[in-house]
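Student: The structure's right below; bear with me while I get my questions together.
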């Protein structure tokens, strides 16, 4: 191929590939657009590649999505921000396609490009694009237009700003619910760029129109942005214009709208003062906690601690706590699980006395719930209660329930308890721990679920770190080593796992005198799985014991295992021997 024809090659190949029947080939060529643009150079990219992409009428959404994504980062390939406007044409076409994800990606890319364009170019190229889309005959164009106003508006002259506000107002009253939904979900972005005077007049009028829409999907999207909108207003304006809407929506006939209010209510509290919270938002929140739809109660229950944090303890005890008691006995297990995940956080808010009198019975009730997720959520947050009521009361009231859960029929609950044990050990102290929980830790090593046995081995390591090698020698090691004689090979494998974890914590001397002989003895086990795990444990202990012990005890054992009939045993034994050789060479 001659040097004159060389630059033509990439665009020719691209055209051929984009017309190919194979979708993967078309997709790959789109993903290589930046490479092709670099080969063509900036001028030919502007004059040939971009017009070709604008005319490309591929009907596969995956290809169009990839193109929309690529064009969003294409400014450097067309010659910088002064030529960024050439990218608007293909993206404008993509904003009108039927597939939502393609339109969304095209809008996202237009916003990226628009945020980098110069002010004059925005007025000359970007704003007319927004107006064309907003006036589009097909609803998809108008849906896309709503997401672009916040880019076009700030740089527009005053007359154009007035026109843009008017156009957005028309989109809020569009015949198509999809357009009104898009206008509702993008209103808070547009509001963030509008001047304060017009915010109170024009934007709030649009907001009120959307909140009175007959479609619940439009109303709930209006609610979704109301917290962000409220933060743009002065507290008194927020209380006057947004608060009544939210209070009304907390009683909306659509449960989806009430669900959205339950999610947004806490954020709105930050925008209004304390008085409206007490008089308006608190009664609305109590209504949501007692809603007849479980989904609404789930959303409201998940915010109960956050809501209590902005109330005085007296108000929380008087209004929220009765609802919490009701929710702890809710007929929906998902409501109880949502409550259990946050209710512990109420303890620091309410203080010691209220926690002991009011919350503790609720915790105990949830700890004994029939649904495992409820019990799990309570267990994972116990430390928040301990900080408030102290370990003595915690151990008296909650420890019996914890011991009961340690033998729960659901293995995930047992796993959560195991993971909480080191924290509990730290809080209870060594004496109390030995009396109440020591036996459980050994019991878990022989659980029928592997994840529990593995977690139990890790638990022993963390306890040894917490209480020290002397405590471990007295309370852990004798009982752990007894498992070496267990008839079940899986329990013997758990022993090996525990030794590999405890060795580094207990140090060289204890490992050499107590742990290593058990491992070497296990190398004569009849089960191959035990033997190759012996090889892996010996390899892990090389760095723990002295070099003389490695040569005298570990190497001979690995040499013997390297001649085993089982291929896996030989493999791991050879790996161990190689590790010894590497350590020897480096030292």
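Including glycine, each Cβ sits where the backbone N, Cα and C put it.
Sharing the feature lines straight out of TrEMBL:
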REPEAT    10-48  repeat 'HEAT'
REPEAT    203-241  repeat 'HEAT'
REPEAT    242-280  repeat 'HEAT'
REPEAT    281-319  repeat 'HEAT'
REPEAT    320-358  repeat 'HEAT'
REPEAT    359-397  repeat 'HEAT'
REPEAT    398-436  repeat 'HEAT'
REPEAT    476-514  repeat 'HEAT'
REPEAT    515-553  repeat 'HEAT'
REPEAT    554-587  repeat 'HEAT'
Student: Mind checking how the repeat 'HEAT' (281-319) divides into helix, strand and coil residues in DSSP?
Tutor: 30 helix, 0 strand, 9 coil
Student: Give the nonlocal contacts of the repeat 'HEAT' (281-319) in its own chain as ranges (CB under 8 Å, at least six residues past its ends).
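Tutor: For the repeat 'HEAT' (281-319), the list is 243, 246-247, 250-251, 255, 258-259, 261-263, 265-266, 268-269, 272, 274, 326-327, 330, 332, 334-335, 338-339, 341-343, 345-346, 349-351, 354, 358.
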Student: Please give the sequence-distant neighbours of the repeat 'HEAT' (242-280): residues at least 6 beyond its ends with Cβ less than 8 Å from one of its Cβ atoms.
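Tutor: Beyond its ends, the repeat 'HEAT' (242-280) has Cβ neighbours at 207-208, 211, 216-217, 219-220, 223-224, 226-231, 233, 235, 287-288, 291, 293, 295-296, 299-300, 303, 306-307, 310-311, 315.
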Student: Per DSSP, what is the residue count of the repeat 'HEAT' (242-280) in each of helix, strand and coil?
Tutor: 29 helix, 0 strand, 10 coil
Student: Taking the repeat 'HEAT' (320-358) alone, what is its mean pLDDT?
Tutor: 85
